[in-house]
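J.: Would you mind keeping the following structure in view while I ask a few things?
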Amino acid sequence: MAALEIKSPEGLPDSETPARSDGASHPFERKNLGIYFIESDNRRMAHGRGYTGGTTPVNIHGKPIADLSKTGGWIAAFFIFGNEMAERMAYFGLSVNMVVFMFYVMHKPFSSSATAVNNFLGISQVSSVLGGFLADAYLGRYWTIAIFTTIYLGGLTGITLSATIKYFSPNQDQCDKISLLLGSCEQAKPWQMFYLYTVLYITGFGAAGIRPCVSSFGADQFDERSKDYKAHLDRFFNFFYLSVTLGAIVAFTLVVYVQMSHGWGSAFGTLAIAMGISNMLFFIGTPLYRHRLPGGSPLTRVAQVLVAAFRKRNASFSSSEYIGLYEVPGKYSAIKGSGKIAHSDDFRCLDKAALQLKEDGPNQSPWRLCTVTQVEEVKILIKLIPVPACTIMISLILTEYLTLSVQQAYTMNTYMGHLKLPVTCMPVFPGLSIFLILSLYYTIFVPISRRITGHPHGASQLQRVGIGLAVSTLSVAWAGFFERYRRNYAVNHGYEYNFLTPMSGLCVFWLLIQYCLIGIAEVFCIVGLLEFLYEEAPDAMKSIGSAYAALAGGAGCFAASILNTIIKSATGNAKEGRPTWLSQNINTGRFDYLYWLLAILSAINFCVFLYTAGRYKYRAEHKHE
């Protein structure tokens, strides 16, 4: 079949030549490179597939849905919410309780317990890249969630057995508070710790298919052709994060209560039961779900673009051999589950992957000639990276709070009148602040900010991310000032070497300020980021886009572990008797220095984000142009 030539250099005036022979280009010429397209029927489809109707939803069998009114919408989304709520309930329940469990039951120091939990948090988020890849490439989001949520349940069951069967933990006889303080309790056997770490990290790995897919799969339930699609999507991501918050609140209250009343086995068993129930509800909702066809391996498509661009790195856009930028004909792309993407002028070196020359022939390999849509997918993935990268800092701060704030709370008065609050309940307060803010978001924040910004949703996605980063900086700065006050109080009142005894004159509710500020930061930053990544990611890479957020969260967890390790080795000297900033005795350590260091890093990160966000151009704006 003959090529359908839209425009090529031969048919244009000299003034519109896309590039000069010396390789330099005028800004006008750069902007008009996208008009040189050819559409050809002589190209075999990627991965042996035919043309696909863009993002047309299908049923679980891959067939088009005849009546969309009977599927999707808010009812289907609520079945999906339950799965994320249970996963976050387990995530937060383990992140706080596991540190205490390892200290009191497995007799591990706070520092090594915190490192193990940070690694769990990191694995559960970084592995999301694998889940996103499998969902977009082969399995689809539904089956990815189904498989990995089962793995998650298996890991939680293993943790429950570790806390229930005495065989899996060291002897607790003659291990009182003084023995714990001196480190003289019987240590866990290596195989016991190996088993615990194994089931803990299996649980973290189970999150790989849940994190990147649940938010995207829920958003897939709404019709993007509807006039209310943007409003529904905006509200969906707020309700989605509300379900995350409810899971955290349950973890910090009900699970803690069960642990105090019935023991560690019952507490971890509660998490496993909740995950089992959510799995059942997820499968019950199967007939209601709308699915997107996986578009084949996104990594293969990215590799094809890079290889093709490298092969033609010496080709010139002004060459007489240049025919045009290649694309398949019609309104559908060659990528299953994706519509066409308009050409952009960013990363022009990658455009050479779509550069069709006369020597290419009619049936060229995709490793030598790619479509414009395939090239634009790679460009979009690259352009998205700086935004989630800037959110690594807030994840680092959250990780430090989850472990260090528990140690702070142990030294303070946790009574509310005659009611004594468990220390592990303290992280519930950021969850409550998030719940309150999300509840008032549309009635207070949106109307007020709409008057200021003129934006229909009050603030753009990147503006919300920026607000979150700014508030997180205030939170960690306050944490530094208060920790200095708390430490001085302990030293001046004789608690310097008795860090497990609460100070009756210092109320733990001073920690609520930093908790509530970080809760506000989470609402704006994480919700804005999830919505931004879903809307901006290519059609066939939505899960990969969502995985960026989880990857940033995991990087923050690992960064916290690395930072803690560096601080321990750089600030302490055992020979001189100088404790590290992160001494197990918090009253002789300098947690305040760590918080101020984080505040400085966070402020620098915020400035980098402002520069990045100012240069970013939304895909919708590009389409409009």
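A Cβ is built for glycine as well, from the same backbone N, Cα and C atoms used for every other residue.
Summarising the annotation, TrEMBL assigns region 'Disordered' to 1-27. TrEMBL lists 89-107, 113-135, 142-163, 194-214, 235-258, 264-284, 380-401, 421-444, 465-482, 508-534, 546-567, 593-613 with the feature transmembrane segment.
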J.: Could you name the stretch, out of 380-401, 465-482, 508-534, 593-613, with the greatest number of CB pairs under 8 A to the transmembrane segment (421-444)?
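T.: Per the Cβ under 8 Å count, 508-534.
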J.: Under 8 angstroms for C-beta pairs, at least 3 of them, ignoring pairs fewer than 6 apart in sequence. Is the transmembrane segment (113-135) in contact with the transmembrane segment (593-613) by that rule?
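T.: Output no: the transmembrane segment (113-135) is apart from the transmembrane segment (593-613).
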J.: Would you call the transmembrane segment (380-401) and the transmembrane segment (546-567) in contact, using three or more Cβ pairs under 8 Å, pairs 6 or more apart in sequence?
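T.: Between the transmembrane segment (380-401) and the transmembrane segment (546-567), contact is present.
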J.: As a test: from 89-107, 235-258, 264-284, 508-534, pick the stretch that has the greatest number of Cβ pairs under 8 Å with the transmembrane segment (194-214).
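T.: By the under-8 Å Cβ criterion, the transmembrane segment (194-214) pairs most with 89-107.
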J.: For the transmembrane segment (465-482), could you work out the same-chain residues 6 or more beyond its ends whose Cβ comes under 8 Å from its Cβ atoms?
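T.: Distal contacts: 387, 390-391, 393-394, 397, 401, 459, 510-511, 513-514, 517-518, 520-526, 528-529, 532, 592-593, 595-596, 598-599, 602-603, 605-606, 609-610, 613.
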